[in-house]
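Below is one structure, written out as structure tokens; comments come after it.
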Amino acid sequence: MSINLGLRHDRLLREQAAQMFERGFGYGLTARKLGVSAATVREWQKTYHVIGKGGLLTMGVKRTKYDYETKVAAAKAVVDGGMSKPEAMVRFGIASATPLKQWCRLYRQGGAQALKPKPKGRPKGSVRAVPPTREEELEERVRKLEAQV
């Protein structure tokens, strides 16, 4: 049995919420009927209106990676162009407001350069030391022996 701890509400519950949104129910009534917090259902409703039922149902299934150009264009449209975040989400196909908020913050702090992808993994270490020659080994041994005397 596979348990996804990152997703608290299953697909069936979100599907029921989407059906209620289609019938014109608000987030408050939907939350009460489904027994879910109003804040959660409000986020679902935003997602539903921005990217549709498919986006709501695939929430949490996979983490979408966005390319550099999309990040810059979306952040620039919101920060410099005055576009609202929901409008930018629809226009650029962004499933969640969280990454868009982060891109806008980074763009304000450091411009487009701040959105460039960072290198992954550990940094390369320094070059390994060259092993000592036989003569250096013997000199070191002589120094140690002289220190003992």
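Placed from the backbone N, Cα and C atoms, the Cβ positions cover glycine too.
Secondary structure by DSSP for the domain 'Insertion element IS150 protein InsJ-like helix-turn-helix' (72-124): 35 helix, 0 strand, 18 coil. The domain 'Insertion element IS150 protein InsJ-like helix-turn-helix' annotation in TrEMBL covers 72-124.
Marked as region 'Disordered' by TrEMBL: 114-149.
For 140-149, the entry in TrEMBL reads compositional bias 'Basic and acidic residues'. Beyond its flanks by at least six residues, the compositional bias 'Basic and acidic residues' (140-149) meets 132 of its own chain at Cβ-Cβ distances under 8 Å.
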